[in-house]
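Below is one structure; the comments refer to it alone.
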Amino acid sequence: MNNIPEKKLLFLLYDRTVIYLILVMLLYLSMGEVYHNIQIHYIKDYVLFRRWGDAMLIAFPLLFVRKKILAFPYLLLINLYFLSIVWYYRVYSTIMPLSSYLMVYNLDGLSLSIFRLARFRDIFVVFPSVFWGIYYCFVYKKINFLLWTRVRTSLFGLLLFGGIITYYACKQNPAPGYESLNGLHTIEPVRAFKEFGFVHYWIYQIGIFQGVSEKEKEYAREVMRSLENGNNCAKKKVESGRNLILILVESLHSWPIGMCIDGVEITPHINFLLKQNKTVYFPKEMPQVKDGRSSDAQLIINTGILPLLTGAASACYAANTFPSLPAALREKGYMTASFLWDDKNYWNQEAMSHAYHFERLYDRLRDSEKFEQADEQLFEKTLPLLVNLPQPFYAQIVTMSSHYPWIRSPHMKTLLDDLEIKNEDVKNYMVILQYVDECIWKFVIQLKERGIYDNSIIVITGDHDALPYNEYEGREELRGEDCFVPFIILNSPLTSEHTNKVIGQVDIYPSLLDLMGCTDYSFTGLGESVFSNEISDFATYRTGISAGGVNIPDSVKTQRERCWILSDILLRMDYFKTNTMLSFQ
């Protein structure tokens, strides 16, 4: 009798261990489908074993679940996480950082996008959980005891074998290349995700929130000291007191601008504006946003630093101190305001607008929540607000219609419908850009009618890439030049000899300081003004691929690339909180 409790305990442990092993195998299969969806096709043996180890760790809490039915909500949560990785990758080609899960307000703006991102094959990500449900209901409760004992024994042996192999593989095959400050892990999350696996990648991202090391702080201070004697602005004399209107266009690429298919122009109105006097156009601007996407674009353009290497600054560091274009203009007596179609909580824009020193924020400038009518409503509601702003002013206008998915309104009739374009996404993107092009044109005309245009500098630029040129061509390989977004300046008081050279998004900030006569501001950014006598003609994309001219010196490439590491450290250490008075001459 005294042995009965001991037998029951052993039976319970044995039973839970076998159930645990089954769940490990199911999670392993789910993770395999995730890897396939994010296009990780070349797998080394030790990576496969690491995936097995990840499955064991993720399933570990279920060892302590007494009622097997409680495994369902846990598996559901894990499946939703797996699906979020897949769906996020389909839009942004990177792994969703843990900090983005804090941006719950973004779900309102992205729900339709998520629906459009779902594919039938995604069912295979959740299939293991479905299998568990079938197994639990129809097998586990009814299986013959003797047979079940034999199955348990076999599976327990497999578990032991898998654990030994996993430990050996991880010990013998460390992931090289990710251990240094400049390691690939910081620039290519997808590859790091493959090498490290789920759990190690979580640990890495959680570690980022622990702050910065003394080594990183010293690195940042050393580089910033070296920039004190830099000259990244042209410092040309310009007429002061002109308004600045920045139109930050959602997902606007350079490749459709000027394109004509069988006599049909994609952006006829922008094409016309490019031919006007005092228009300066840089078609080769490399977008440099990362996990924060549109919010990263606002960070880069308004502060002159690059985004976090992982995570969104708008989610993690909204309380930071930032030098900014609005702050520089306010020193010159400007009113500064940001205009949004979206809600102020989307990408935490209310907090970030304060951090960037915008005096006013106008959000929800809309009559409905349909993307396809967003820009028309935004410009209509922004115009009277602009007219009533005290001049001079800096107005940032953030558009939305060309956000993925590219949904056409029934009234969008276009000659593009008569053309044979096989890729439906490409066709819809072009149709939406025609609509955005028309909205911008009407807005410019209205600015002229209201007497604002002639006394304003108008900047039109894309916030980030969305449908690179290789997708239009049907080419699998992604090149740096496929991602270019435009940098257009209407009514520019300055000219540039570098309009056909490659620039980075980080170069917009010092260029705007030049345009607005603010080169005496305390921080002129990590980029270089396009109005300087010489520019690098080189820029790096978020994945590490680059674009630029021929025979670019290695020293120039290194200097441009180290801005990524430097910016990441500056953000994490809140550098400008205690270093706001540096003068970069």
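Quick reminder: no glycine exception, Cβ is built from N, Cα and C everywhere.
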### Residue in Glu228, Glu239, Glu250 which TrEMBL records at the Mn(2+) site where Asp463, His464 also bind
Glu250
### Query
Can you tell me the three-state DSSP label for Ser294 (active site)?
helix
### Query
Can you tell me the mean pLDDT for the domain 'Sulfatase N-terminal' (242-517)?
95
### C-beta crowding around His464 (Mn(2+) binding site), within 10 angstroms
24
